[in-house]
Amino acid sequence: MSKTQVVHYEKWQSFAGDLLVFPLGEKPEFSGDMKEIANIYNKLEATGDFSGKDGEAVLLYSSQLKKSICGAERILLLGLGKGDKDSDLQRDLLRQTGGLVAQKAAEIKATEVLVVIPTLAGRKSADTLEPLVEGVLLGDYRFLKYMSKKDAPAPYRGLKVLALSFAGAFDKALERISERAQLAADCGCAARDMAHEPGNGWTPKHFSRYAKKLAKSHSLVCTVLGKKKMKKMGMGGLLGVSQGSKESPQLVVLEYSPENPRKTVLMVGKGLTFDSGGVSLKPGAGMEEMKYDMCGGAAVICAMKAVAEEKPDVRVIAIVPATDNMAGGGALKPGDIISHYGGISSEVVNTDAEGRLILADALAYGVEKYCPDYVLDLATLTGAAIIALGHHHTALVSNSDHLVELATRAGAKAGEPVWRLPLTEEYRKQIKSEVADIKNVGGRPAGTITAAAYLEKFIGDTPWLHFDIAGTAWNFTEKKYIPKGPSGTGTRTLIEFIRSLG
């Protein structure tokens with residue numbers, strides 16, 4: 001649950017907190033109770049200090065004003081631009097404005113902030129409210145768990161109260177939209193928390209503990225398969241990757257099952273709690289960031305909280321194959337051959353291409369057991385995705401044009417854009433092995449696509465989406481609502497995807 005309390009104010013003039021915020025577009029229209037703000041805007045526009053352009057910000061102190069207009073110590077005017085962008089772009093600009101609110105609050109160490117939600121031409125209040133609230137809460141995120149309390153001065157710990165007021169009337173529908181935005185932001189921040197945890201603070205068993213706790217508090221069904229059960233079921237990928245580690249692998253399953261669901265959706269997330277590369281050891285520089293190799297697992301688990309609270313008419317199953325990839329004495333070696341759940345054999349050419357090995361078992365198991373209508377998997381799978389798309393788009397591979405359309409809409413709405421890559425027979429040939437059914441590396445060319453081709457072997461004919469979030473899960477493209485570090489990417493896209501179905 002968010003540390004920030006979100007409340008609603010009938011009249012912004014009665015707010016006596018640290019910071020009062022007015023997001024304003026160019027040439028805004030002011031309602032009757034905004035006369036004083038209109039006067040301030042007109043003076044600032046005349047002097048060239050503020051005109052409402054996108055990204056503009058002016059901080060005023062109430063004590064400097066000739067006439068007191070509220071009890072807040074400071075007033076912040078933020079520019080929204082002309083508001084002529086397409087709906088998804090405008091939505092993300094509003095989200096970024098919310099992030100800027102959080103940044104400005106941090107600069108002055110404000111803990112109580114009120115945002116007056118504007119009425120923009122051609123947009124409903126709900127369309128403005130949701131991304132603004134998301135942006136503030138996502139932008140206010142910080143991970144301070146391991147900061148010593150002996151430090152002086154104490155670090156700023158973010159907003160305690162986010163108050164909302166409206167230029168127009170507030171009603172129950174807007175309250176629900178506000179709660180919806182809070183939930184999506186909370187889930188995204190929970191995924192960031194998991195990714196921030198070091199390898200010694202988040203092990204495979206932490207995934208299972210978190211899932212069990214979530215199941216208990218939200219009436220979900222949780223099942224955890226351990227090493228003994230995996231051996232019996234022939235999950236050679238997950239078992240093989242875990243061989244070099246002292247941590248026991250876990251296959252964590254969460255189920256939400258309404259009566260008479262319209263669809264069944266299987267979500268699988270890579271839960272590699274630390275990736276050294278195994279025997280195919282990674283370079284030392286930057287290896288500390290390999291704690292983030294479980295961001296796919298974090299996304300699917302945290303999205304289940306939103307599913308459980310919103311109760312869509314869709315059955316949703318989340319599976320996280322969790323382990324770490326270490327180079328201990330029993331570790332997989334290049335050239336080893338493993339057998340996946342269902343019997344497909346694989347030649348392990350490179351032990352640092354381990355994500356597809358653990359996902360394959362989880363996908364095969366989930367498809368067989370739950371017979372889903374749709375399968376989605378998320379993984380920080382390939383460096384090739386970063387080479388292809390940088391840190392601005394998540395790579396998407398699919399066997400279904402319809403699902404790609406749904407995923408593209410969901411990603412755009414969440415501010416987490418995706419870009420589809422092809423998957424044709426030429427790429428499938430790259431993973432053919434001379435000694436097994438397939439091999440886990442298809443050479444340097446098209447690494448993101450050949451990794452997806454590997455996973456495709458385990459989903460049968462089920463419509464399927466593969467999200468390679470390697471480039472977007474950490475230090476995602478510069479956005480004001482995404483602080484440095486893990487972004488939580490994928491969590492809100494999954495939430496929007498399920499919302500579109502249910």
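Glycine is treated like the rest: Cβ placed from N, Cα and C.
As the structure is a computational prediction, the values presented were derived from the model and not from experiment.
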May I ask you to find which of GLU247, GLU310, GLU347, GLU354 Swiss-Prot records for the Mn(2+) 2 site already listed with LYS270, ASP275, ASP293?
GLU354
Three-state secondary structure of ASP275 (Mn(2+) 2 binding site) from DSSP?
strand
Are any of LYS282, ASP352, ARG356 (the recorded positions) within 10 Å of LYS270 (Mn(2+) 2 binding site) when you go C-alpha to C-alpha, and if so which?
ARG356
Just to be sure I understand the packing, how many Cβ atoms besides its own are within 10 Å of the Cβ of ASP293 (Mn(2+) 2 binding site)?
27
How many whole Å apart are the CA atoms of GLU354 (Mn(2+) 2 binding site) and LYS282 (active site)?
12
Distance from ASP352 (Mn(2+) 1 binding site) back to ASP275 (Mn(2+) 2 binding site), taken between C-alpha atoms, in Å:
8
